Amino acid sequence: MNSNYRHHVGGGYCGIELREMHPRISQNFTYVSSCVKYMIFMLNFIFWLFGGLLLAIGLYAFKDKWESTGSLRLESFYDVILNISLVMMIAGVVVFVVSFAGCLGALRENTCLLKFYSMCLLLFFLMEMAIAIMGFVFPQNMNSFLEDTFTDKIIHSYRDDPDLQNFIDFAQQEFKCCGLSNAGYQDWSKNEYFNCTSPSVEKCGVPYSCCINATDISSGLVNIMCGYDVQAHSVAAASKRIWTSGCIEIVRVWAERNLYAIAGIALGIALIQLFVIYLAKTLEGQIDLQKSRWSA
(Lines of atoms letter the chains of each structure in order from A; the text may use other names.)
(Lines give C-alpha, C1' and ligand atoms only; values in the text may rest on other atoms or scores of the structure.)
Protein backbone atom coordinates (compact mmCIF):
# COMPACT_ATOMS: atom_id res chain seq x y z
CA MET A 1 0.00 0.00 0.00
CA ASN A 2 1.42 3.38 -1.03
CA SER A 3 1.39 5.96 1.79
CA ASN A 4 2.41 9.53 2.48
CA TYR A 5 4.03 10.21 5.81
CA ARG A 6 3.64 13.67 7.23
CA HIS A 7 5.20 14.76 10.57
CA HIS A 8 3.30 17.04 12.93
CA VAL A 9 5.33 18.84 15.53
CA GLY A 10 3.63 21.09 18.03
CA GLY A 11 2.69 21.27 21.70
CA GLY A 12 5.26 18.62 22.56
CA TYR A 13 3.56 16.15 20.29
CA CYS A 14 5.16 14.48 17.33
CA GLY A 15 2.95 12.21 15.26
CA ILE A 16 2.77 10.63 11.89
CA GLU A 17 -0.38 10.81 9.70
CA LEU A 18 -0.86 7.87 7.39
CA ARG A 19 -2.85 8.77 4.19
CA GLU A 20 -3.71 6.22 1.52
CA MET A 21 -3.29 7.33 -2.05
CA HIS A 22 -6.32 6.36 -4.17
CA PRO A 23 -5.57 5.30 -7.71
CA ARG A 24 -6.43 8.01 -10.20
CA ILE A 25 -8.10 7.45 -13.59
CA SER A 26 -6.03 8.72 -16.48
CA GLN A 27 -7.13 12.05 -17.90
CA ASN A 28 -7.24 10.42 -21.36
CA PHE A 29 -9.61 7.65 -20.24
CA THR A 30 -13.14 7.70 -21.66
CA TYR A 31 -16.14 5.49 -21.07
CA VAL A 32 -17.28 6.01 -24.67
CA SER A 33 -16.31 3.08 -26.89
CA SER A 34 -14.94 4.19 -30.26
CA CYS A 35 -16.00 0.85 -31.73
CA VAL A 36 -19.67 1.33 -30.76
CA LYS A 37 -19.62 5.00 -31.71
CA TYR A 38 -18.25 4.56 -35.23
CA MET A 39 -20.23 1.38 -35.90
CA ILE A 40 -23.45 3.34 -35.32
CA PHE A 41 -22.11 6.19 -37.44
CA MET A 42 -21.16 3.98 -40.41
CA LEU A 43 -24.44 2.02 -40.38
CA ASN A 44 -26.48 5.20 -40.33
CA PHE A 45 -24.30 6.92 -42.90
CA ILE A 46 -25.16 4.14 -45.37
CA PHE A 47 -28.89 4.52 -44.63
CA TRP A 48 -28.55 8.30 -44.81
CA LEU A 49 -27.22 7.97 -48.36
CA PHE A 50 -29.99 5.48 -49.19
CA GLY A 51 -32.63 7.87 -47.82
CA GLY A 52 -31.22 10.72 -49.88
CA LEU A 53 -31.24 8.55 -53.02
CA LEU A 54 -34.83 7.45 -52.37
CA LEU A 55 -35.88 11.07 -51.86
CA ALA A 56 -34.13 12.15 -55.07
CA ILE A 57 -35.78 9.38 -57.14
CA GLY A 58 -39.17 10.24 -55.64
CA LEU A 59 -38.71 13.93 -56.43
CA TYR A 60 -37.69 13.16 -60.00
CA ALA A 61 -40.70 10.84 -60.51
CA PHE A 62 -43.02 13.40 -58.91
CA LYS A 63 -41.67 16.19 -61.14
CA ASP A 64 -42.00 14.01 -64.25
CA LYS A 65 -45.59 13.11 -63.35
CA TRP A 66 -46.46 16.74 -62.64
CA GLU A 67 -45.09 17.84 -66.02
CA SER A 68 -46.99 15.07 -67.87
CA THR A 69 -50.34 15.35 -66.06
CA GLY A 70 -50.25 18.92 -64.74
CA SER A 71 -52.31 17.96 -61.69
CA LEU A 72 -52.07 16.18 -58.35
CA ARG A 73 -55.06 14.69 -56.55
CA LEU A 74 -54.69 14.28 -52.78
CA GLU A 75 -58.30 14.14 -51.67
CA SER A 76 -58.00 11.15 -49.35
CA PHE A 77 -55.55 8.90 -47.55
CA TYR A 78 -55.72 6.42 -50.43
CA ASP A 79 -54.61 9.10 -52.90
CA VAL A 80 -51.42 9.48 -50.85
CA ILE A 81 -50.50 5.81 -50.35
CA LEU A 82 -51.32 4.93 -53.99
CA ASN A 83 -49.10 7.76 -55.26
CA ILE A 84 -45.83 5.83 -55.58
CA SER A 85 -43.59 8.87 -56.13
CA LEU A 86 -45.08 10.58 -53.07
CA VAL A 87 -44.64 7.43 -50.97
CA MET A 88 -40.99 7.25 -52.07
CA MET A 89 -40.49 10.88 -51.07
CA ILE A 90 -42.07 10.38 -47.64
CA ALA A 91 -40.08 7.19 -47.03
CA GLY A 92 -36.89 8.94 -48.19
CA VAL A 93 -37.45 11.87 -45.81
CA VAL A 94 -38.12 9.52 -42.85
CA VAL A 95 -35.02 7.39 -43.53
CA PHE A 96 -32.91 10.51 -44.17
CA VAL A 97 -33.96 12.28 -40.94
CA VAL A 98 -33.75 9.23 -38.65
CA SER A 99 -30.38 8.04 -39.99
CA PHE A 100 -29.03 11.61 -39.86
CA ALA A 101 -30.03 11.78 -36.18
CA GLY A 102 -28.16 8.50 -35.62
CA CYS A 103 -25.07 9.74 -37.47
CA LEU A 104 -24.92 13.11 -35.73
CA GLY A 105 -25.89 11.72 -32.33
CA ALA A 106 -23.09 9.15 -32.45
CA LEU A 107 -20.47 11.51 -33.88
CA ARG A 108 -21.23 14.40 -31.53
CA GLU A 109 -22.11 12.10 -28.58
CA ASN A 110 -25.50 13.79 -28.25
CA THR A 111 -27.84 11.75 -26.04
CA CYS A 112 -30.97 13.66 -27.15
CA LEU A 113 -30.42 12.71 -30.79
CA LEU A 114 -29.56 9.13 -29.81
CA LYS A 115 -32.77 8.87 -27.76
CA PHE A 116 -34.80 10.17 -30.71
CA TYR A 117 -33.02 7.70 -33.00
CA SER A 118 -33.54 4.66 -30.77
CA MET A 119 -37.20 5.56 -30.17
CA CYS A 120 -37.81 5.81 -33.94
CA LEU A 121 -36.19 2.41 -34.48
CA LEU A 122 -38.29 0.90 -31.69
CA LEU A 123 -41.44 2.37 -33.24
CA PHE A 124 -40.55 0.94 -36.66
CA PHE A 125 -39.83 -2.43 -35.07
CA LEU A 126 -43.20 -2.55 -33.28
CA MET A 127 -45.06 -1.56 -36.44
CA GLU A 128 -43.29 -4.27 -38.45
CA MET A 129 -44.04 -6.87 -35.78
CA ALA A 130 -47.73 -5.88 -35.73
CA ILE A 131 -47.98 -6.23 -39.54
CA ALA A 132 -46.08 -9.54 -39.48
CA ILE A 133 -48.33 -10.97 -36.76
CA MET A 134 -51.45 -9.93 -38.65
CA GLY A 135 -50.09 -11.46 -41.84
CA PHE A 136 -48.98 -14.78 -40.33
CA VAL A 137 -51.66 -15.32 -37.68
CA PHE A 138 -54.67 -13.90 -39.53
CA PRO A 139 -53.88 -14.34 -43.25
CA GLN A 140 -57.51 -14.58 -44.35
CA ASN A 141 -58.46 -11.43 -42.44
CA MET A 142 -55.52 -9.59 -43.96
CA ASN A 143 -56.51 -10.88 -47.38
CA SER A 144 -60.09 -9.64 -46.97
CA PHE A 145 -58.93 -6.29 -45.61
CA LEU A 146 -56.66 -5.66 -48.62
CA GLU A 147 -59.37 -6.70 -51.08
CA ASP A 148 -62.08 -4.57 -49.49
CA THR A 149 -59.84 -1.56 -48.95
CA PHE A 150 -57.70 -1.27 -52.06
CA THR A 151 -59.29 -3.15 -54.97
CA ASP A 152 -61.70 -0.44 -56.13
CA LYS A 153 -59.22 2.40 -55.53
CA ILE A 154 -56.37 0.74 -57.43
CA ILE A 155 -58.54 -0.42 -60.34
CA HIS A 156 -60.13 3.03 -60.70
CA SER A 157 -56.74 4.80 -60.64
CA TYR A 158 -55.04 2.54 -63.19
CA ARG A 159 -55.12 5.04 -66.09
CA ASP A 160 -54.86 8.14 -63.89
CA ASP A 161 -51.41 7.50 -62.44
CA PRO A 162 -48.59 6.34 -64.80
CA ASP A 163 -46.43 5.13 -61.87
CA LEU A 164 -49.26 3.08 -60.40
CA GLN A 165 -50.07 1.70 -63.84
CA ASN A 166 -46.48 0.55 -64.34
CA PHE A 167 -46.45 -1.02 -60.87
CA ILE A 168 -49.70 -2.92 -61.50
CA ASP A 169 -48.46 -4.13 -64.88
CA PHE A 170 -45.20 -5.30 -63.31
CA ALA A 171 -47.05 -7.15 -60.50
CA GLN A 172 -49.49 -8.84 -62.87
CA GLN A 173 -46.69 -10.02 -65.15
CA GLU A 174 -44.45 -11.22 -62.32
CA PHE A 175 -47.12 -13.04 -60.33
CA LYS A 176 -49.13 -14.16 -63.39
CA CYS A 177 -52.39 -12.72 -62.13
CA CYS A 178 -55.09 -10.32 -63.28
CA GLY A 179 -57.04 -7.94 -61.07
CA LEU A 180 -56.81 -7.93 -57.29
CA SER A 181 -59.73 -9.64 -55.56
CA ASN A 182 -61.18 -13.12 -55.86
CA ALA A 183 -63.17 -11.87 -58.87
CA GLY A 184 -59.87 -11.92 -60.75
CA TYR A 185 -59.92 -10.46 -64.26
CA GLN A 186 -63.54 -9.33 -63.77
CA ASP A 187 -62.19 -6.61 -61.41
CA TRP A 188 -61.31 -4.61 -64.50
CA SER A 189 -65.00 -4.04 -65.21
CA LYS A 190 -64.79 -1.42 -62.42
CA ASN A 191 -62.42 0.68 -64.51
CA GLU A 192 -64.11 3.23 -66.77
CA TYR A 193 -61.90 2.31 -69.73
CA PHE A 194 -62.36 -1.48 -69.46
CA ASN A 195 -66.02 -1.52 -68.47
CA CYS A 196 -68.24 -3.19 -71.08
CA THR A 197 -70.42 -0.06 -71.30
CA SER A 198 -67.42 2.16 -72.08
CA PRO A 199 -67.14 3.81 -75.52
CA SER A 200 -63.40 3.05 -75.40
CA VAL A 201 -61.86 0.47 -77.76
CA GLU A 202 -60.66 -1.29 -74.61
CA LYS A 203 -64.22 -2.02 -73.40
CA CYS A 204 -64.71 -5.49 -71.93
CA GLY A 205 -60.93 -5.90 -71.97
CA VAL A 206 -58.07 -6.11 -69.49
CA PRO A 207 -54.53 -4.62 -69.48
CA TYR A 208 -51.97 -6.37 -71.69
CA SER A 209 -50.05 -7.37 -68.53
CA CYS A 210 -52.80 -9.95 -67.84
CA CYS A 211 -52.03 -11.79 -71.08
CA ILE A 212 -50.26 -15.14 -71.02
CA ASN A 213 -48.37 -14.31 -74.23
CA ALA A 214 -48.34 -10.55 -74.49
CA THR A 215 -45.04 -10.40 -76.38
CA ASP A 216 -44.80 -11.64 -79.94
CA ILE A 217 -41.85 -14.06 -80.10
CA SER A 218 -40.92 -13.32 -83.71
CA SER A 219 -41.02 -9.52 -83.53
CA GLY A 220 -40.39 -9.01 -79.82
CA LEU A 221 -43.18 -6.40 -79.71
CA VAL A 222 -45.84 -6.22 -76.99
CA ASN A 223 -49.39 -6.77 -78.22
CA ILE A 224 -51.36 -4.27 -76.13
CA MET A 225 -54.63 -5.54 -77.64
CA CYS A 226 -54.19 -9.13 -76.44
CA GLY A 227 -56.66 -8.61 -73.58
CA TYR A 228 -59.47 -7.04 -75.58
CA ASP A 229 -63.01 -8.44 -75.06
CA VAL A 230 -61.96 -11.17 -72.59
CA GLN A 231 -64.48 -10.05 -69.96
CA ALA A 232 -67.24 -11.23 -72.26
CA HIS A 233 -65.86 -14.79 -72.11
CA SER A 234 -66.20 -17.43 -69.40
CA VAL A 235 -63.31 -18.19 -67.07
CA ALA A 236 -62.46 -21.34 -69.05
CA ALA A 237 -62.36 -19.46 -72.34
CA ALA A 238 -60.55 -16.43 -70.91
CA SER A 239 -57.90 -18.63 -69.24
CA LYS A 240 -56.59 -19.57 -72.70
CA ARG A 241 -55.55 -15.95 -73.28
CA ILE A 242 -55.02 -14.36 -69.86
CA TRP A 243 -54.30 -15.13 -66.23
CA THR A 244 -57.65 -15.13 -64.48
CA SER A 245 -56.84 -15.22 -60.74
CA GLY A 246 -56.61 -12.09 -58.57
CA CYS A 247 -53.18 -10.90 -57.46
CA ILE A 248 -53.87 -10.70 -53.71
CA GLU A 249 -54.76 -14.38 -53.50
CA ILE A 250 -51.81 -15.35 -55.73
CA VAL A 251 -49.40 -13.36 -53.54
CA ARG A 252 -50.87 -14.97 -50.40
CA VAL A 253 -50.35 -18.46 -51.84
CA TRP A 254 -46.80 -17.51 -52.89
CA ALA A 255 -46.08 -16.24 -49.36
CA GLU A 256 -47.35 -19.50 -47.82
CA ARG A 257 -45.12 -21.53 -50.13
CA ASN A 258 -42.11 -19.44 -49.16
CA LEU A 259 -43.10 -19.02 -45.52
CA TYR A 260 -39.80 -20.16 -43.98
CA ALA A 261 -37.69 -17.96 -46.27
CA ILE A 262 -39.88 -14.92 -45.58
CA ALA A 263 -39.89 -15.63 -41.84
CA GLY A 264 -36.10 -16.00 -41.86
CA ILE A 265 -35.62 -12.68 -43.64
CA ALA A 266 -38.10 -10.95 -41.32
CA LEU A 267 -36.33 -12.42 -38.27
CA GLY A 268 -32.95 -11.30 -39.60
CA ILE A 269 -34.19 -7.73 -40.14
CA ALA A 270 -35.75 -7.70 -36.66
CA LEU A 271 -32.53 -8.92 -35.01
CA ILE A 272 -30.48 -6.28 -36.85
CA GLN A 273 -32.87 -3.57 -35.69
CA LEU A 274 -32.71 -4.81 -32.10
CA PHE A 275 -28.90 -4.93 -32.28
CA VAL A 276 -28.72 -1.33 -33.53
CA ILE A 277 -31.14 -0.23 -30.78
CA TYR A 278 -28.89 -2.01 -28.26
CA LEU A 279 -25.83 -0.21 -29.65
CA ALA A 280 -27.59 3.16 -29.43
CA LYS A 281 -28.71 2.57 -25.82
CA THR A 282 -25.20 1.33 -24.92
CA LEU A 283 -23.65 4.49 -26.34
CA GLU A 284 -26.19 6.60 -24.44
CA GLY A 285 -25.15 4.91 -21.18
CA GLN A 286 -21.47 5.38 -21.92
CA ILE A 287 -21.97 9.08 -22.66
CA ASP A 288 -23.91 9.52 -19.40
CA LEU A 289 -21.07 7.82 -17.47
CA GLN A 290 -18.54 10.11 -19.11
CA LYS A 291 -20.61 13.19 -18.25
CA SER A 292 -20.96 12.07 -14.62
CA ARG A 293 -17.18 11.67 -14.45
CA TRP A 294 -16.67 15.22 -15.73
CA SER A 295 -19.20 16.66 -13.28
CA ALA A 296 -17.69 14.79 -10.29
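Here the Cβ of each residue, glycine as well, is placed from N, Cα and C on the backbone.
All annotation found in TrEMBL is predicted automatically rather than curated by experts.
These figures come from a predicted structure and were not determined experimentally.
The list of residues near the transmembrane segment (38-60) in space but at least 6 beyond its ends in sequence, with Cβ under 8 angstroms from a Cβ of it, reads 85-100, 102-103, 105-107, 117, 276, 279-280, 283. Sequence annotations record features per position, and here TrEMBL assigns transmembrane segment to 38-60 (among others).
The transmembrane segment annotation in TrEMBL covers 80-104 (among others).
Marked as transmembrane segment by TrEMBL: 116-138 (among others). Sequence-distant contacts of the transmembrane segment (116-138), counting only residues of its own chain at least 6 positions beyond either end whose CB sits under 8 Å from a CB of the stretch, comprise 44, 98, 101-102, 105, 255, 259, 263, 266, 269-270, 273-274, 276-277, 280-281, 284.
Within its own chain, CYS178 (disulfide bond) has GLN172, GLY184, TYR185, ASP187, TRP188, VAL206, PRO207, SER209, CYS210, ILE242, TRP243, THR244, SER245, GLY246, CYS247 as residues 6 or more apart in sequence whose C-beta sits under 8 angstroms from its own. The disulfide bond annotation in TrEMBL covers CYS178-CYS196.
Listed by sequence, the residues of this chain that lie at least six past the ends of the transmembrane segment (259-280) yet keep a Cβ under 8 A from its Cβ atoms are 36, 39-40, 43, 102, 105-106, 114, 117-118, 121-122, 124-125, 128-129, 132, 136. Annotated transmembrane segment per TrEMBL: 259-280 (among others), in sequence order.
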Long-range neighbours only, meaning 6 or more apart in sequence with Cβ under 8 Å: which ones does CYS196 (disulfide bond) have?
SER189, LYS203, CYS204, GLN231, ALA232
